[in-house]
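Trainee: Right, I'll just put the structure down here and ask away after.
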């Protein structure tokens, strides 16, 4: 490997090697912090000090932490903690490896749930065992690069960010260090937050929508370099992999497009569970590429394709479009038992690259909805 791309811990923290290879797309942290921002921190602190605080234990996707669908009482300060983990993961049944960058060890990172006008207070920990600098950009937040300018953490650092959740919807969050944003995001460092309206979800007529289950599907594109024989390469570290990964990324052609970190992660024993009659809210994020979720054998009864609950949901959707850098929500009442494939309906990405999962639904079959009038016969 050439000296130009030999990423030591020191050079990665300084950003020199990476910035030389990637023209920074995001304004530098120094510029963001030096913009002459004035704050009313004393008044804000006094107001927030009177609010109830709630500490939430995050859980790994596809599950979400316990929450109420309607806000109870006045806005709260909702406390979360995430620890950044740089870890090697296997993304398919062939043993293909990725040096992933993760929030709390999972791809995607955990789903956070609050109510509109709550304050999100995140403690972000970058252990000294990590090699890279990180931060977090919340698409749900206002100002300072979505919090990215205020959360730059080197190995061994901890930052605490607080922001007011003023917009209702499902929003992406992701790592966004200057000069390295695409690398971190396509290495798995993204997740989503759901900000519920204080009075809960509503249909297009303003009637309440209550869900029985909620699942979080995080779609991830990986770019794994190949050798001259077309086999996926393996590396000792993220820094060693970086120059080859960068070239693979620049093709804009992922080698894997997966749900929840790996091919088949939401199938078989890990299929999402429901019963006939269950009202299920499916949250789906894609931090980098467009996607087209489709439930084979089902529908989106109510769909917020770009995830924003101030807008009325679309009705009876077969497939919905979520642009890259967004998260969507679909609400469906299951009416038949069986295995439902939930896919990105770019079918090449679903069947060849891995963007597929399963719902396993139990209950009684309804012949009125579907029946085999004549079963297939030969001759």
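Cβ atoms here come from the backbone N, Cα and C positions, even for glycine.
Among the features that Swiss-Prot reports, signal peptide is placed at 1-32, with the record citing sequence analysis. Per Swiss-Prot, the feature domain 'Plastocyanin-like 1' maps to 33-214. The feature Cu cation 1 binding site is assigned by Swiss-Prot to 134, 175, 184, 189, with similarity to another entry given as support. Under the heading Cu cation 2 binding site, Swiss-Prot lists 139, 174, 345. Under the heading domain 'Plastocyanin-like 2', Swiss-Prot lists 215-379.
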Trainee: On a count of neighbouring CB atoms within 10 A, which of the binding-site residues 134, 139, 184 is highest?
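Mentor: For the binding-site residues 134, 139, 184, the Cβ with the most other Cβ atoms within 10 Å is 134.
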Trainee: Fewest other C-beta atoms within 10 angstroms of its own C-beta: which of the binding-site residues 174, 345 fits that?
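Mentor: Least crowded of the binding-site residues 174, 345, by Cβ count within 10 Å, is 345.
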Trainee: To test your reading of the Cu cation 1 site: which residues beyond 134, 175, 184, 189, same chain only, put their Cβ within 8 Å of the Cβ centroid of those residues?
Mentor: 84, 101, 103, 132, 135, 136, 174, 176, 177, 180, 185, 187, 190
Trainee: Closest of the binding-site residues to residue 139 (Cu cation 2 binding site), Cα to Cα, picking from 175, 184, 189?
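Mentor: Given the candidates 175, 184, 189, the nearest one is 175.
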Trainee: Roughly how many Å lie between the Cα atoms of residue 174 (Cu cation 2 binding site) and residue 189 (Cu cation 1 binding site), rounded to a whole value?
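Mentor: That comes out at 6 Å between the alpha carbons.
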Trainee: Based on DSSP, name the secondary structure state of residue 134 (Cu cation 1 binding site): helix, strand or coil.
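Mentor: Going by the DSSP assignment, residue 134 (Cu cation 1 binding site) falls within a strand, counted as strand.
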Trainee: Could you tell me the mean pLDDT over the domain 'Plastocyanin-like 1' (33-214), as a whole number?
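Mentor: Residues in the domain 'Plastocyanin-like 1' (33-214) carry a mean pLDDT of 95 in this prediction.
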Trainee: Return only the integer: C-alpha distance in Å from residue 345 (Cu cation 2 binding site) to residue 184 (Cu cation 1 binding site).
Mentor: 26
Trainee: In sequence order, which same-chain residues at least six apart have a C-beta under 8 angstroms from residue 189 (Cu cation 1 binding site)?
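Mentor: The list for residue 189 (Cu cation 1 binding site) reads 84, 100, 101, 102, 103, 109, 134, 174, 175, given in order along the sequence.
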